[in-house]
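Swiss-Prot annotations:
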BINDING   GLY56, TRP58, ASP76, ASP92, ASP117  S-adenosyl-L-methionine binding site
ACT_SITE  LYS157  active site, proton acceptor
COILED    358-400  coiled coil
REGION    370-396  region 'Disordered'
COMPBIAS  386-396  compositional bias 'Basic and acidic residues'
REGION    443-676  region 'Disordered'
COILED    462-492  coiled coil
COMPBIAS  463-483  compositional bias 'Acidic residues'
COMPBIAS  484-497  compositional bias 'Basic and acidic residues'
COMPBIAS  526-545  compositional bias 'Acidic residues'
COMPBIAS  556-566  compositional bias 'Polar residues'
COMPBIAS  600-609  compositional bias 'Acidic residues'
COMPBIAS  610-627  compositional bias 'Basic and acidic residues'
COMPBIAS  659-676  compositional bias 'Basic and acidic residues'
COILED    762-789  coiled coil
Amino acid sequence: MAIQKKHGKGRLDKWYKLAKEKGYRARAAFKLIQLNKKYGFLEKSKVLLDLCAAPGSWCQVAAEVMPVSSLIVGVDLAPIKPIPKVITFQSDITTEKCRATIRQHLKTWKADTVLHDGAPNVGTAWVQDSFNQAELTLQAMKLATEFLVEGGTFVTKVFRSKDYNSMLWVFNQLFKKVEATKPPSSRNVSAEIFVVCRGFKAPKRIDPKFLDPRAVFAELADPTPNNEAKVYKPEIKKRKRDGYEEGDYTQYKELPAYEFIQSTDPIAILGSTNRLSLEQSKNGDVALAVLEKLPETTDEIRTCCADLKVLGRKEFKLLLKWRLAVREKLGFPTKKSVKKEEEAAAAVAAAEEVAKIESMDEEMRIQHELEKLKERNSTKKKRERRKENERKQKDIVRMQMHMVAPMDIGVEQAGPEGEDAMFALRAVEKGDVMRRLAKGKMVVASEADAKKDRDSGIGSSGETDDESDEELDRLETELDDMYDQFRERKAASDAKYRAKKARQARNGDGDEEWEGVSDNEKADEISDDSELEEESSGDSDDEDDTAPRKSLLTDLDTTPSDNSGLSKRARAFFNQDIFKELDGDMDEPMDEELRAALAGEDEDADMEDTVSKADSKKTKEKTADKKAAKKAKKAAQKAQQVKDDDSDDESDGGFEVVKSGKEDDWEDEDKRTKDGRLDIDIITAEAMTLAHQLATGQKSSHDVIDDGFNKHAFKDREGLPEWFLDDETKHDKPQKPITKAAAAAIKEKMRAFNARPIKKVREAKGRKKMKAAQRLEKLKKKSDLLVNEEGMTEKEKAESIAKLLRKATKKKPKQAVKVVVAKGANRGIKGRPQGIKGRYKIVDPRMKKEMRALKRVAQKAKKRR
């Protein structure tokens, strides 16, 4: 009998003929060739595993393209004729025997690429065939996960079906890149596509459900329809075109109205039904006749029941109310009736419980009450704990949103000076309360006296009008600080502003960061729980006034204070070992002017320390310490001078102590140049205009001083908020005239300033000069060695030195740009191509055509000229 060939349309196409010409066993060989041309995975593979390889065309392509001495293993259920450089055997890939045979051939190797082009026996129902194909692909995937190396490639054939997305999800979990493609040699009428999975993740453990067809291809249950959204929000309802329901191809549902009345889920009926029928057929149901005759069934209800799909929220509510009214009239259970029944049942149960409790003995009753009290107490504690946690959470959120200062949360916590503190000792000592407490004769004030105190300006918590004013001042200060923080955050995105702040930080004149509310400010708040009155006589008052005042706060610094006039910081400085030798001399009588100078300097240091606490504690304290140390050192030097000059004379005469000038003089000295002139740079057109006028004699220094006295010079800015001052600074400022020559000079100055090279360029030039100097130094050392070499003639020495000079001055050849054509393995590549070092440029035919077109256009434009 003659062999029958398939002569269907598209079977004997050009790929079939090319396969015959080139000696491939099947036209499927060109599918692998085209896939490799696009992704280039065969050239990089040393070990390849081909599953379902019969008749062997993919193994033939792999043997041709892969490097020499590569290991290629092919397996199929059908026999495969021998192929050069390929190991083939016959087995079922779903069995353990096949897995053991593959492991025997690969030994310790791992496969770089796993191919799968298999298909099961088909011919039954299409749904079953597609599932069998997906199951076979999953089995191949299971085999690939065992033998594939990390970063390997898996290429498989997949038939598009409802299980395709589930399989693609599994691929994405195990591989870094997953792409689905259809090569040109694949027939268009075929549902097959090829999935190329690259970059195997090689997890240490894989969940068996990933490779179990029952778990991967399990059908998910349909979600419960949201009928409430259809009823209460019909305007935002979106239609999902999922096809028709099984057996319902008209998509039209009609139900009798009495089913809607009797249903326990009326919303589901309203969301899924098109019409509620009130029409009664001959010999029909009596319930519909009753509904029709009820007074609640109005014409509007009949109209709404005619078409439910066009109703809105209001009409649906009307139908639900109509249903409740009808159910109540017909005697059906409603929410009200059910609630009444539950209340009655609860009352009966409570009565029975009361009867049972009364029968208990006394001990049981007491125990029951104790348990109730414990339960109530634990409930109360839980509630308080929850409120406290909520308050803390709100504080943290406020701090994260920059609504409060970070120190606010710390101040609010329980502590010696916080809100939850039991005693405010500083406040007690500060006021007149401590003197009254020392007497011990106090009683609780009456309500009438408390009312008098409130009328006189003292609140229930002992807070007077002055304290309320202090509270307002504190709130204003906090508001100004919050405004400063807001301005900082708003201007932080401006590059000029950041540069300005950096300059200020380098110069040391930047604003310090606000560190929150001080504890000393919180100590002024007094909260008394009861009002006290004194019962002592006037005589005792007089006696107590003369008594020394006692303090509740103990100073931890127990260092005895001396009457030398020195502050604590200065005294601690003079206690160092370097000044011990001066102790004997210091006991001698010192000049009164010198003592006054030292005392004045210490007072200045203390005053600076007090001011520094209001602004910024840390930075100012360091500055004050340095200044105090300098002044103390100068005072010690002066004292030593006095001792040297007048060692025999103990009188107060002989020299005059002159106090040092202001700090501004020192600052001016820092700003002066080496030749004594002030370091001033003119950077604005107004300053340049004034400089021209002073230089040309148009203005004198007295004129400049007179111009300084204007309406802007004596503005009272004390007490004004910061936001108001910012607005005034922007808009209310004097407009000084400028000349054209001054503007041109500033412009030329800025042009020269901008023409300077950037910092990177200057650094590069500096590095270049430094390297050249280093090479020259090495060259000098080598030339000195050659000159001192005795075994060489003068000519040889000169030639060697000239050779060194040529080698040192020789420039490195510029590396040429390598051109890489974007085709084959380099098509669509991202990053550096493999095997390319140095500079490169990727080109393609499209770019070549565009370059030719540009040259052609340029030549045409040149001819027109």
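Cβ atoms are placed via backbone N, Cα and C, with glycine included.
Keep in mind that what you see is a predicted model, and the values were worked out from it rather than measured.
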**Asked** In the predicted model, what is the mean pLDDT computed over the coiled coil (358-400)?
**Response** 83
**Taking residues GLY56, TRP58, ASP76, ASP92, ASP117, which bind S-adenosyl-L-methionine in the record, the widest Cα spacing (Å, whole number)** = 18
**Asked** Cα distance, LYS157 (active site, proton acceptor) to TRP58 (S-adenosyl-L-methionine binding site), nearest Å?
**Response** 13
**Asked** With every protein chain in view, how many other Cβ atoms are within 10 Å of the Cβ of the residue listed as 'active site, proton acceptor'?
**Response** 22
**Prompt:** Can you tell me how the residues of the region 'Disordered' (370-396) break down into helix, strand and coil by DSSP?
**Reply:** 27 helix, 0 strand, 0 coil
**Asked** Mind checking how the compositional bias 'Basic and acidic residues' (484-497) divides into helix, strand and coil residues in DSSP?
**Response** 11 helix, 0 strand, 3 coil
**Asked** So what sits near ASP76 (S-adenosyl-L-methionine binding site) in its own chain, CB-to-CB under 8 Å and at least six residues off in sequence?
**Response** LEU51, CYS52, ALA53, ALA54, THR88, GLN90, GLY118
**Densest Cβ neighbourhood among ASP92, ASP117 (binding-site residues), 10 Å radius** = ASP117
**Item:** Rounded distance in angstrom between the Cα atoms of LYS157 (active site, proton acceptor) and ASP117 (S-adenosyl-L-methionine binding site)
**Value:** 5
**Asked** Far apart in sequence but close in space: which same-chain residues, 6 or more away, have a Cβ under 8 Å from GLY56 (S-adenosyl-L-methionine binding site)?
**Response** ARG25, GLY74, ILE80, LYS81, ILE83, VAL86, THR88
